[in-house]
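Over in TrEMBL, the protein carries these features:
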type	residues	note
COMPBIAS	1-10	compositional bias 'Basic and acidic residues'
REGION	1-23	region 'Disordered'
DOMAIN	15-359	domain 'tRNA-guanine(15) transglycosylase-like'
BINDING	Asp92, Ser93, Gly94, Gly95, Phe96, Asp146, Gln188, Gly215	substrate binding site
ACT_SITE	Asp92	active site, proton acceptor
REGION	246-252	region 'RNA binding'
ACT_SITE	Asp265	active site, nucleophile
REGION	270-274	region 'RNA binding'
BINDING	Cys303, Cys305, Cys308, His334	Zn(2+) binding site
Amino acid sequence: MFEFHIDHKSSNGRPRTGHIKTRHGDFETPVFMPVGTQGSVKAVSSEDLEQIDVGIILANTYHLYLRPGHEIISRIGGLHRFMNWKGAILTDSGGFQVYSLAGLRKISEDGVTFQSHLDGSRHFIGPKEAMDIQNALGADIIMAFDECAPYPADYEYVSNSVRLTSLWAETCIENRGDGGQALFGIVQGGMYDELRRISARQLVSMGFDGYAIGGLSVGEDQETRQRIVSNVRDLLPDDKPVYLMGVGTPEDIVEAVKLGVDMFDCVMPTRNARNGSLFTSQGKINIKNARYAEDRSPIDETCRCYTCANYSRAYLRHLYMARELLAYRLNTIHNLCYYLKLMSEIREAIKGNRIDAFQIVCNESE
């Protein structure tokens with residue numbers, strides 16, 4: 001089961017609010033998906049995520065394939081039961097993780113042979129295998145297997161990457177299974193506008209349930225990224241959700257929403273939390289700073305999360321400096337709540353036709 005409905009379009013025609021229905025509940029768009037690489041959003045439980053009203057999370061096919069193995073997860077009843085998560089799950093195809101292995105992989109027409117980063121064992125994943133793994137995991141949204149070109153890369157290399165991505169996308173459609181999962185295609189093409197157009201048109205002709213823009217946030221400048229997103233978005237159908245993969249600073253999310261993007265994921269809120277960098281309505285703060293040693297105020301006076309309702313900056317600084325594990329949980333809850341509140345404010349701005357003027361405070365950490 002998968003349905004995408006547009007609820008409101010901004011007066012300028014691009015930004016929109018909507019909602020997605022899945023077998024494991026509905027969620028509003030634009031949406032931010034916390035990253036649960038190993039079937040766990042780092043430092044918090046599934047119950048924590050439910051308490052703060054997370055509607056969908058992302059899990060990593062590559063990592064779950066290697067450990068504990070998709071067969072084990074399937075026999076236990078699927079990823080939802082395995083991690084006791086009642087909401088929706090999106091699994092990526094593993095293409096980006098295999099790409100990041102660099103010298104440990106070899107690409108062919110059929111897929112990618114690679115060495116495990118865990119023990120050096122050799123494995124093969126192609127489009128059929130990616131579908132088999134994701135079908136076994138039982139996610140609500142699954143991604144086509146793609147070839148993510150390195151950055152920078154020459155035109156010839158990226159052109160072949162686009163060819164493989166389209167070839168593999170067709171195989172993914174043929175092997176998507178009958179579990180009612182939505183299948184998204186991933187537009188590639190590096191920083192080349194012509195190749196992005198070719199990739200988008202080929203994938204749209206295949207009729208996916210949604211479309212992702214991949215291969216960004218790999219080192220390119222913000223102007224280039226916005227140009228690519230804008231151009232690709234214009235080539236994608238309005239009645240399908242658009243997912244910008246791995247791009248997730250608050251500023252980038254706001255700008256991408258203005259271009260018509262519906263879905264986002266990024267490790268930033270959770271990774272920053274574990275490093276003591278906390279988001280607030282007045283910008284980021286670094287909880288390690290000595291200025292917070294006796295600060296009785298919450299992280300953010302405007303935040304209603306569990307952390308801000310119960311704990312002071314002074315206590316959070318103490319936990320972090322003492323390397324107490326509770327610091328990671330409390331910081332992560334707060335940063336995720338900041339992102340969820342940001343998405344809610346973005347949706348309200350779209351509904352009120354105020355999104356063009358929407359801005360956030362994004363000063364550097366103190």
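Heads up, the Cβ atoms here are built off N, Cα and C, so glycines get one too.
Feature annotations (TrEMBL) mapped to structure.
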residue	record	DSSP class
Ser93	substrate binding site	coil
Gln188	substrate binding site	coil
Gly215	substrate binding site	coil
Asp265	active site, nucleophile	strand
Cys303	Zn(2+) binding site	coil
Cys308	Zn(2+) binding site	helix
His334	Zn(2+) binding site	helix
Which residues does Gln188 (substrate binding site) neighbour through Cβ under 8 Å, counting only same-chain ones at least six apart?
Asp146, Glu147, Cys148, Ala149, Val158, Ser161, Val162, Thr165, Leu195, Arg196, Ser199, Gly214, Gly215
Per-residue pLDDT averaged over the domain 'tRNA-guanine(15) transglycosylase-like' (15-359) comes to what?
97
Of the recorded positions Asp265, Cys303, Cys305, Cys308, His334, which one sits closest to Gly94 (substrate binding site) when you measure Cα to Cα?
Asp265
Cβ-Cβ distance under 8 Å to His334 (Zn(2+) binding site), same chain, at least six residues away:
Ala273, Leu278, Phe279, Ile299, Asp300, Cys303, Cys305, Thr307, Cys308
Distance, Asp265 (active site, nucleophile) to Gly95 (substrate binding site) (CA atoms, angstrom):
16
Cβ within 8 Å of the Zn(2+) site centroid (Cys303, Cys305, Cys308, His334 excluded): which residues?
Pro298, Ile299, Asp300, Arg304, Tyr306, Thr307, Ala309, Ile333, Cys337, Tyr338
Within 10 angstroms of the C-beta of Gly94 (substrate binding site), what count of other C-beta atoms is obtained when all protein chains are considered?
25
So among Asp92, Ser93, Phe96, all listed as binding-site residues, which is physically nearest to Asp265 (active site, nucleophile)? Use the C-alpha atoms.
Asp92
Close in space, distant in sequence - Phe96 (substrate binding site), Cβ under 8 Å, 6 or more apart:
Cys148, Gly214, Met245, Gly246
Determine the Cβ neighbour count for Gly215 (substrate binding site): the number of other Cβ atoms within 10 Å of its Cβ.
32
Using DSSP, what is the helix/strand/coil residue split across the region 'RNA binding' (246-252)?
3 helix, 0 strand, 4 coil
Over all pairs within Asp92, Ser93, Gly94, Gly95, Phe96, Asp146, Gln188, Gly215, the annotated substrate binders, what is the largest Cα to Cα distance, rounded to whole Å?
15
Can you tell which of the recorded positions (Asp92, Asp146, Asp265) has the fewest other C-beta atoms within 10 angstroms of its C-beta?
Asp265
Counting Cβ atoms within 10 Å of each candidate's own Cβ, which of the binding-site residues Cys305, Cys308 comes out highest?
Cys308
May I have the DSSP-based helix, strand and coil counts for the residues of the region 'Disordered' (1-23)?
0 helix, 15 strand, 8 coil
